[in-house]
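Q: Below is the structure I would like to discuss, written out as structure tokens.
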Amino acid sequence: MTRLQKGSIGTLLTGALLGIVLVAVVFGGEAALSTEEFCTSCHSMTYPQAELKQSTHYGALGVNPGCKDCHIPQGIENFHLAVATHAIDGARELYLELVNDYSTLEKFNERRLEMAHDARMNLKKWDSITCRTCHKKPAPPGESAQAEHKKMETEGATCIDCHQNLVHEEVPMTDLNASIAQGKLVLKPEDDGDDEEADEDEDEETEEADDSSDSESASSSDNSDNEDDNNDE
């Protein structure tokens, strides 16, 4: 074996060793960054953690999900999404943790809607893959719910388009399709149901007022007739 051949083999072995080390560092680092202990090492994340443990998603059927189960895509096929999430979103949130004051829940709530929307947009981008990890082919009861689920096939909707505010403190729902189209946070319009109920209540009050007015008029007329009869007598 010539010196050149020995050098080539040495280079290949060195490259392979470095590759193994790099893969171990990347996968090990990703696993470490996905732990709940790491997520909640930032003070601001202690608030969502407490909300998670009080939600219906925690403890049901003996399942205790952590931050990563909803916010980080799992599985080797989604590893690139997990790395990108930590690299981009993680860096941004670390910066915001340093420049913002999250010392109280009230201060945290000032950015809650923005943070919730960012998380929703991630789920939208991933086709709610972390939801589907647990909720496999959901078949909701009732025609109305089944019709809504059809939107996932016909309108490009995904779980997070409708199922918001399930775990953390409630904030206004956001229209994710409109947000993507306009490149900014867009709130969902409020339901017309409340307005219709208010209109119905107003109509009922008007009818009651009219009935009351008619009754008073009839009573006044009767009293007037009685007075006339008395005068005639």
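Including glycine, each Cβ sits where the backbone N, Cα and C put it.
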Q: For the heme 1 site that Swiss-Prot assigns to C39, C42, M45, which of E30, E77, E93 is also named?
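A: Looking through E30, E77, E93, the residue Swiss-Prot assigns to the heme 1 site is E93.
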Q: Any same-chain residues 6+ apart from E93 (heme 1 binding site) with CB under 8 Å of its CB? Would you list them in sequence order, or say none?
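A: E93 (heme 1 binding site) has long-range Cβ partners C42.
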Q: Could you state the whole-number distance in Å separating the C-alpha atoms of H163 (heme 4 binding site) and C134 (heme 3 binding site)?
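A: Approximately 15 Å lies between the Cα of H163 (heme 4 binding site) and that of C134 (heme 3 binding site).
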Q: Which of the binding-site residues C39, M45, C131, C134, H135 has its Cα closest in space to the Cα of C159 (heme 4 binding site)?
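A: Looking at Cα distances from C159 (heme 4 binding site), the smallest one goes to C131.
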Q: In sequence order, which residues at least six apart in the same chain have a CB under 8 Å from the CB of C162 (heme 4 binding site)?
A: E148
